[in-house]
Amino acid sequence: MDNIIFRVFICIVLLIQPHVTFYIPGVAPLDFAKNEEVEVKAVKMTSTKTQLPYDYYDVAVHCKPSNGTKYKSENLGEILRGDRIVNTKYKVAMDVNVQCQTLCHDINLSKEQSAVLGKRIRNNYYVHLLVDNLPCATKFQNVDTHEILYEHGYRLGMHTKQSDETFINNHLVIKLFYHKESDEAYRVVGFEVEPKSIDSKRIAIKPDGTCTIENGQAMQKIDPKEENKLSMTYEVEWAYSETRWASRWDTYLAMTDVQIHWFSIVNSVIVVFFLAGILSMIIVKTLRRDIARYNQEDSDDVTEETGWKLVHGDVFRPPHRKNVLAALVGSGIQIFLMSFIVIAFAALGMLSPSSRGALVTAACFLYVFMGLVAGFYSGRIYKTIKGSHWKRTAALTATLYPAVVFSIGFFLNFFIWGKRSSGAVPFSTMLAILVMWLGISFPLVCLGFYFGYRKQPYEQPVRTNQIPRQVPEQQWFLHPVLSTLMAGVLPFGAMFIELFFIFSAIWENQYYYLFGFLFLVFIIIIISCSQISIVITYFQLCGEDYHWWWRSFIASGGSAFYVFAYSIFYFFTKLDITEFVPTMLYFGYTFLICFTFWILTGTIGFIASYIFVRKIYAAVKIE
């Protein structure tokens with residue numbers, strides 16, 4: 001047994017080794033010829049202070065091309081992320097340097113436009129551009145360690161609190177890097193931006209659109225309460241790079257400290273596996289002793305029964321609210337299958353960050369089509385616990401979790417609409433999601449439930465008595481609230497370090513591509529939730545309390561409460577959110593994350609406890 005566990009651990013470690021990026025078909029490299037046009041696109045503007053993305057052309061200083069704006073058709077994941085990919089006025093040609101070029105000349109900003117621009121700069125908005133599907137990054141040096149680091153996008157401007165002055169970055173130095181696979185084929189492998197604020201009085205614009213910049217320190221100031229006039233300029237620098245096309249994302253994916261991540265994950269793995277091993281040894285040893293004693297008592301015709309064998313006539317008595325329990329377990333199976341498949345494929349490199357929105361899109365479609373499997377097992381469990389209203393329960397299984405997510409998402413979307421953010425889901429997209437839910441997921445869940453309910457129920461190893469047994473007073477540590485809090489510690493301890501990186505990716509606009517680590521953490525969560533649920537159920541049955549159905553689900557999901565508590569800690573210590581709407585968005589979406597995690601871990605614990613209870617009662621002789 002130990003040898004098998006060791007081999008599994010080695011395989012997982014090999015899986016999460018820093019992997020060589022590879023690209024699936026459909027994400028083929030794009031070759032350019034010298035002097036060929038290289039299109040610069042804009043994605044959106046983002047801020048960690050407001051959590052509200054905006055369209056690139058939300059501010060008037062981003063002047064539109066003469067041939068009009070053309071928005072890229074986006075997938076579901078891009079729309080839900082708030083991406084609005086659009087063409088820009090930048091003119092860039094492969095391996096052609098441009099000294100100084102005018103983007104917009106003498107832009108006259110009204111008071112309203114100046115106020116909007118000033119507000120975006122004060123809220124620390126970043127602009128995100130794309131070249132050949134590669135996002136721009138700003139390079140800077142750590143003052144203490146002198147390490148070269150990168151941040152996503154570039155700052156729209158800067159605001160000094162001491163003098164209460166606002167400056168806009170109106171000049172961009174676009175630094176592009178190429179790699180040559182042949183003499184004629186150029187490939188873009190790097191995209192850096194150096195933003196500068198230059199007073200328009202220092203910029204001399206020529207009739208042909210080129211410009212010259214006078215030496216000096218004066219920067220372009222913006223008065224949010226008055227009209228403003230300025231010019232936008234840029235320059236382009238090309239340089240050869242040894243970085244190959246397949247490795248061009250390494251700069252973005254290496255922005256987090258992988259060394260610290262490694263030590264943290266390995267530490268969590270060792271601790272969790274050590275605790276899990278101890279729990280397994282104790283439970284197995286205790287159970288063997290119990291089963292041997294109970295079977296010995298039967299052979300010696302001892303009539304007095306003690307411990308968990310005493311409640312054999314009530315242990316499979318159907319629980320209260322059996323329809324809600326079956327619906328939650330069905331939803332949990334649906335979430336589990338979706339999560340496992342998405343994380344496994346992402347860990348294998350199949351969901352590349354260059355495929356924008358692919359992860360969210362894959363998750364949505366997998367959730368919809370996993371409804372068939374979820375409905376089948378939900379229906380069979382419902383029949384096992386002697387449920388009779390199968391049509392009502394099938395509808396509840398198909399609507400319980402999606403209805404909560406859709407309702408909260410729809411409510412929060414009103415506030416995002418009110419802020420005119422690009423993060424607001426368009427009405428047409430909401431209708432499409434509704435059609436996916438009611439037109440595909442709902443029928444699949446009901447179809448699966450129908451076939452699951454028609455199957456024979458799971459055979460119970462013991463019969464249930466007609467009259468329920470009275471439950472004696474329980475020990476203090478078996479109180480539902482206390483046992484739930486204790487049960488949540490181990491799974492949360494296994495994942496809280498990874499939780500920091502996930503929260504940083506969601507709320508601080510970082511890339512998350514360490515899915516090998518996430519896959520390992522997911523496996524550990526399955527093991528720890530299963531074992532802690534079995535331990536709670538075992539102690540509960542030893543206390544002659546046979547109401548384990550709901551307890552196993554709720555206790556196993558106890559780690560969700562710790563996740564929510566951690567999100568509160570993260571909000572006050574890591575984020576700089578002060579406004580009402582961003583705060584509501586943060587806690588609204590965090591609640592959905594925790595609710596999803598509660599259903600997922602609760603389902604894992606319930607299934608593990610159910611298998612455990614059936615096994616132990618099948619191992620003893622019941623007269």
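For all residues, glycine too, the Cβ spot is worked out from N, Cα and C.
Please treat TrEMBL annotations as automatic predictions, because they have not gone through curation.
Here is what TrEMBL records for this protein:
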TRANSMEM  262-284  transmembrane segment
TRANSMEM  324-351  transmembrane segment
TRANSMEM  357-377  transmembrane segment
TRANSMEM  398-418  transmembrane segment
TRANSMEM  430-453  transmembrane segment
TRANSMEM  485-507  transmembrane segment
TRANSMEM  513-541  transmembrane segment
TRANSMEM  553-572  transmembrane segment
TRANSMEM  584-613  transmembrane segment
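Across 262-284, 485-507, 513-541, 584-613, stretch 584-613 shows the highest tally of CB pairs under 8 A with the transmembrane segment (553-572). Proximity of distant same-chain residues to the transmembrane segment (513-541), defined by a Cβ-Cβ separation under 8 Å and at least 6 residues beyond the stretch ends, is recorded for 12, 15-17, 19, 249, 253, 256, 258, 261, 265, 268-269, 272-273, 275-276, 279-280, 283, 286-287, 307-308, 311, 315, 339-340, 343-344, 346-347, 351, 353, 474, 477-478, 483, 487, 490-491, 494-495, 498, 501-502, 547-548, 551-552, 555-556, 559, 601, 604-609, 612-613. A contact links the transmembrane segment (485-507) to the transmembrane segment (262-284), because at least 3 Cβ pairs that are 6 or more residues apart lie under 8 A. With a cut-off of 8 Å between Cβ atoms, the residues of this chain six or more beyond the transmembrane segment (262-284) that come close are 5, 9, 16, 490, 493-495, 497-498, 517, 520-521, 524, 527-528, 531-532, 534-535, 538.
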